[in-house]
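Only one structure is covered here, and it is reproduced in the block below.
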Amino acid sequence: MKHLAIIMDGNGRWATMRGLERTAGHAEGAKAVLRAVEAAEQLGLECLSLYAFSTENHRRSKREVLGIFGIIAEFLDEVLLPYAMRKGLRIRFIGDMSRITSELMSSIARVNAATINHTGMTVIIALSYGGREEVVHAVNLLIENKLLNGDYRKISYEELEPYLYTVNLPDPDAVWRFGGYQRLSGFMPLQTTYSELFFSDKLWPDFQAEDMFALAARFAQIKRNFGEVSQ
Ligand code: FPP
């Protein structure tokens, strides 16, 4: 497995079950993010994608949204950046950054600039991300470029791909959703066409490294044939 994509669901329920504010669940979810990054590195993955905040999540209360953004900014500055500097990790962000706070934008810009030339594992953080928006954004850029060049020919997927946020990254081999629901919630719709899907009833803050080791072992047993006849 080169690329694992995780949908980190269940932070709110984790907190509510304990009589805590939902934000406490997101803070605990951030600790699980570090465990996931460490486990992915131990497995030798090339890429780990994490769905941190969706386009729809903007509809939550202002208090919760600002709480999540604050937790992510603090985690980036105080935990992930120092870790990435020690381990040579590259951190990339995908999504519509026009809708996040300037505080979080500054953290992202710092982390991005400091790790852009690193050659270790790439961690992709999807923030203010929606799959439909990504596709529409890519198509609009492609059309604009083609029209500028007076090119009216039909497009192929290969021409569209470089306009996706995930340019130059391999497609996820597996998508793994936590929190008990079996849906993809718009996470990388084009890139996950051939991905294996895994679902865990665990809430994201309960994630442990051993869960990922077990998943990798299950994945290794699967024969993938990408629509061709297996030999
Ligand atoms: C889904 O749980 C989780 C989120 C919307 C936020 C995810 C944020 C983190 C894990 C914080 C740290 C992230 C990074 C990248 C450091 P939910 O609130 O929808 O849970 P629920 O389904 O129980 O309500």
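Cβ from N, Cα, C; glycine included.
Record features (TrEMBL):
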ACT_SITE  D9  active site
ACT_SITE  N57  active site, proton acceptor
BINDING   D9, E196  Mg(2+) binding site
BINDING   10-14, R22, H26, 54-56, R60, R177, 183-185  substrate binding site
With the Cβ atom as the reference point and anything under 6 Å counting, tell me which of the binding-site residues (T55, R183, S185, E196) are near ligand 1. none
Let me know how many other Cβ atoms fall within 10 Å of the Cβ of W14 (substrate binding site). 23
If you count, for each of the binding-site residues H26, R60, R183, the other Cβ atoms lying within 10 Å of its Cβ, which residue has the minimum? R183
I'm trying to understand the geometry here, so how far is the Cα atom of W14 (substrate binding site) from the Cα atom of N57 (active site, proton acceptor), in Å to the nearest whole number? 17
At the level of the C-alpha atoms, what whole-angstrom distance separates S185 (substrate binding site) and the residue listed as 'active site'? 11
How would DSSP class N57 (active site, proton acceptor) in three states? helix
Measuring Cα to Cα, how far is E196 (Mg(2+) binding site) from G12 (substrate binding site) in Å? 26
May I ask for the distance between D9 (active site) and H26 (substrate binding site), taken between their Cα atoms and rounded to an integer number of Å? 10
